[in-house]
Amino acid sequence: MDKMLFWVSVFTIFLDVFAQTDLDKKVFVFPRESSSDHVNLITKLETPLQEFTVCLRAYSDLSRHYSLFSYNTPGKDNELLIYKEKLGEYSLYIGGTKVTARVPEEILAPVHICTSWESSSGIAEFWINGKPLVKKGLKRGYSVAAHPKIILGQEQDSYGGKFDRGQSFLGEIGDVYMWDSVLSPDDVQAVYYGSYVNGSILNWQALNYELNDYVIIKPRVWD
């Protein structure tokens, strides 16, 4: 292989592994249970969060618990974690404290999840497939720390690592957005139907990410 072809190959691999790109109508595929496969979502968040909304789509046939969105900061485990406990139960952790929302659910169905929280009231909201669940409260007056490691596919037990296969995600994740505000009900509906974009912290259509180990990008073929 000549030098030019070699460096073109290296550059292509680099773009595939560490990239900013429009992932509209695509998904990250996590094809196996592991303690290593994950995606690092890269953001320059330098100010603590007083409120936020996270939305994503997921499709998995796992029956056990697993992490959907893991946000850790130095010295703070489960600073912000969206976690599926079991069929029909979703938890939000803020500063190591959690609340759980419950919803009737089919095991093999894709799901759209939006979760929001605001410090002033401590109210956490869950929306599953565009429908609001019972509001819960936690960590009133708290600030979610800045400079996070945001991981898909694994739950962090340290800053950016210490993964457990038994908490890993197997399946497909897409349409990941994060805002530094609580979205209105109308905006959540718009996100669910795919017409509201431009997340201020994470934007699926202009995403900085790093693929680690066995994670593949494929077209999304489900709703």
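Numbering starts at 1 and runs along the chain as it is shown here.
Including glycine, each Cβ sits where the backbone N, Cα and C put it.
Bear in mind that the values here come from a model prediction, so they are computed numbers and not experimental data.
Here's what Swiss-Prot has on this protein:
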SIGNAL    1-19  signal peptide
DOMAIN    24-223  domain 'Pentraxin (PTX)'
DISULFID  Cys55-Cys114  disulfide bond
BINDING   Asp77, Asn78, Glu155, Gln156, Asp157  Ca(2+) 1 binding site
BINDING   Glu155, Asp157, Gln167  Ca(2+) 2 binding site
CARBOHYD  Asn198  N-linked glycosylation site
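Overlay of Swiss-Prot feature records on the structure.
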residue: Cys55; record: disulfide bond; contacts (Cβ under 8 Å, 6+ apart): His112, Ile113, Cys114, Thr115, Asp175, Val176, Tyr177, Met178, Leu183, Val188, Val191, Tyr192, Gly199
residue: Asp77; record: Ca(2+) 1 binding site; contacts (Cβ under 8 Å, 6+ apart): Gly96, Gln156, Asp157, Ser158
residue: Asn78; record: Ca(2+) 1 binding site; contacts (Cβ under 8 Å, 6+ apart): Asn72, Tyr93, Gly95, Gly96, Lys98
residue: Glu155; record: Ca(2+) 1 binding site; contacts (Cβ under 8 Å, 6+ apart): Tyr66, Ser67, Ser70, Leu81, Tyr83, Phe163, Asp164, Gln167, Ser168
residue: Asn198; record: N-linked glycosylation site; contacts (Cβ under 8 Å, 6+ apart): Gln205
I'd like to know which of these binding-site residues, Gln156, Asp157, Gln167, is least surrounded, judged by other CB atoms within 10 A. Asp157
Given the Ca(2+) 2 site Glu155, Asp157, Gln167, its other Cβ neighbours within 8 Å of the Cβ centroid, in chain order, are Ser67, Ser70, Gln154, Gln156, Lys162, Phe163, Asp164
Chain-mates of Asp77, Asn78, Glu155, Gln156, Asp157 with C-beta within 8 Å of site centroid, Ca(2+) 1: Ser70, Asn72, Leu81, Ser158, Lys162
Other C-beta atoms within 10 angstroms of the C-beta of Cys114 (disulfide bond) total 23
Once the DSSP letters are reduced so that anything not helix or strand counts as coil, what is Gln167 (Ca(2+) 2 binding site)? helix
Helix, strand or coil at Cys55 (disulfide bond) [DSSP, three-state]: strand
